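Worksheet: the structure to be examined is printed underneath.
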Amino acid sequence: MFINRWLFSTNHKDIGTLYMIFGAWAGMVGTGLSILIRAELGQPGSLLGDDQIYNVVVTAHAFVMIFFMVMPIMIGGFGNWLVPLMIGAPDMAFPRMNNMSFWLLPPSFLLLLSSSMVEAGAGTGWTVYPPLAGNLAHAGASVDLTIFSLHLAGVSSILGAINFITTIINMKPPAITQYQTPLFVWSVMITAILLLLSLPVLAAGITMLLTDRNLNTTFFDPAGGGDPILYQHLFWFFGHPEVYILILPGFGMISHIVTYYSGKKEPFGYMGMVWAMMSIGFLGFIVWAHHMFTVGMDVDTRAYFTSATMIIAIPTGVKVFSWLATLHGGNIKWSPAMLWALGFIFLFTIGGLTGIVLSNSSLDIVLHDTYYVVAHFHYVLSMGAVFAIMGGFVHWFPLFTGYTLNDTWAKIHFTIMFVGVNMTFFPQHFLGLAGMPRRYSDYPDAYTTWNTISSMGSFISLTAVILMVFIIWEALASKRVVKSIPLTSTNLEWMHGCPPPFHTFEEPAFIKSSNK
């Protein structure tokens with residue numbers, strides 16, 4: 001029965017599919033919002049006519065892409081589908097809680113969308129800083145609805161994190177240690193730990209903001225002995241681990257894709273990859289104030305946060321060079337998934353380099369809140385996280401559906417997307433260096449050229465998104481059934497065929513220990 005299967009599901013594959021579909025739909029909404037932003041900035045003068053509505057669109061774009069596209073697809077979609085299969089578990093540890101984690105997201109999304117329908121909407125930026133997010137600058141229910149939306153999304157992620165940690169630690173076959181699990185499983189576990197430790201801090205911060213707005217507390221109001229900078233510390237203590245939460249599962253997927261299409265049976269430097277992810281996870285918690293170099297911190301504090309931020313480049317570099325070493329000497333298959341992975345490595349590295357530039361507190365004081373920052377994090381998100389999602393999707397699509405994509409269309413899609421995102425975000429480095437500030441709906445004529453090129457690029461990306469919908473339709477309509485998958489001995493998730501049966505590993509898997 002349809003309702004029993006899809007509403008009350010306790011099956012990790014079905015819930016993973018729900019996450020995928022929800023994330024894809026939210027991704028369309030987020031893309032639409034980004035097109036509105038680039039349409040407004042395509043030429044000087046005003047299109048939407050109102051700075052408040054522009055900022056509402058920018059804020060919604062960020063929230064939708066982060067909480068309803070990247071996280072549901074990477075952690076909820078790929079995580080649910082692949083983690084139990086990769087460790088030989090029959091399902092997740094808490095299957096009903098898994099269902100609840102998913103069904104908290106649509107109401108959360110509804111609250112976010114409704115926040116833009118009441119009063120003037122929440123035009124605060126995704127950081128929701130007071131006093132702009134206070135009840136004076138944002139009277140009405142908009143920001144409150146946004147806060148409740150974040151609460152629900154946060155509870156969803158925390159429950160999911162508990163579920164993944166328990167599953168990965170507890171549900172492996174007795175014979176295998178944690179250091180024999182695939183890198184994607186490691187990446188999801190580390191991501192889950194980051195979620196578990198960082199989200200409660202965000203919840204605390206936005207709950208205090210909620211009481212400041214509605215119950216006359218003064219946590220962030222100097223008039224009552226509060227401090228708006230406290231909010232920034234609480235937010236970024238969550239916000240920085242969050243950006244690693246968005247990219248770590250991508251690291252795991254890229255490791256699998258690069259290994260597979262290089263014809264290797266294991267990635268280069270497995271232990272180094274694991275330790276690099278653990279280091280990134282740990283360091284992600286002790287660098288948060290690099291988002292706050294302009295609030296007037298002591299020089300020694302700035303020196304610490306600059307150095308600590310630069311240290312993160314080391315484990316990240318370990319990962320990049322290990323991917324390149326995995327490619328080395330391989331029998332490389334230029335499949336669409338491999339193209340996405342290679343694009344990821346190249347563009348993520350560029351994003352990482354601009355991150356090193358921004359980690360210098362003195363430089364950041366000039367570049368903070370300019371388009372240089374926008375360019376930086378879109379290189380690691382729009383070309384890091386999204387490329388990893390696309391690579392993972394085209395790689396595992398036969399596993400999820402049992403059908404094959406059209407290779408030629410998939411490669412064309414990659415090419416259009418690659419051109420589009422680079423044309424959109426590369427010029428923004430120049431805008432930032434020339435001093436164009438973020439979160440403004442208009443700009444002096446001097447910035448016209450690069451903005452126009454950037455907006456053209458965004459429409460090319462939109463074309464790629466629409467083409468992707470066609471490619472998925474084409475695959476599901478043509479029904480080219482998967483015949484056989486090579487290398488299943490080192491890729492456990494493919495062992496049960498494509499697609500795998502509804503229940504897998506109902507009896508505990510017997511793992512023969514090969515290294516003894």
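Positions of Cβ are set from backbone N, Cα and C atoms, glycine also.
Given the structure is predicted, the values throughout are model-derived calculations rather than measurements.
Topology check against Swiss-Prot: Y179 and E266 carry an identical topological domain name and occupy the same side of the membrane. Matching H240, H256, H328 to the Cu cation binding residues that Swiss-Prot gives (H290, H291) identifies H240. Binding site for Na(+) per Swiss-Prot: E40, G45, plus S441 from the candidate set S382, S441, S454. Annotation for H378 (Fe(II)-heme a binding site): spatial neighbours G351, V421, T424, F425, Q428, criterion Cβ-Cβ under 8 Å with sequence separation of six or more. The transmembrane segment (336-357) makes contact with the transmembrane segment (407-433): 3 or more of their CB pairs lie within 8 A, with pairs spaced 6 or more apart in sequence. Here the transmembrane segment (447-478) sits apart from the transmembrane segment (270-286); fewer than 3 CB pairs are under 8 Å, leaving out pairs fewer than 6 apart in sequence.
Listed as Cβ neighbours of the topological domain 'Mitochondrial matrix' (479-516) (distance under 8 Å, sequence separation of 6 or more from its ends, same chain) are residues 11, 13, 82, 84-91, 173-176, 182, 256, 260, 263, 265-266, 396, 398-404. Beyond its flanks by at least six residues, the transmembrane segment (407-433) meets 38, 335-336, 339-340, 343, 347, 354, 367, 370-375, 378-379, 382-383, 386, 390, 394, 447, 450-451, 453-464, 467-468, 470-471, 474 of its own chain at Cβ-Cβ distances under 8 Å.
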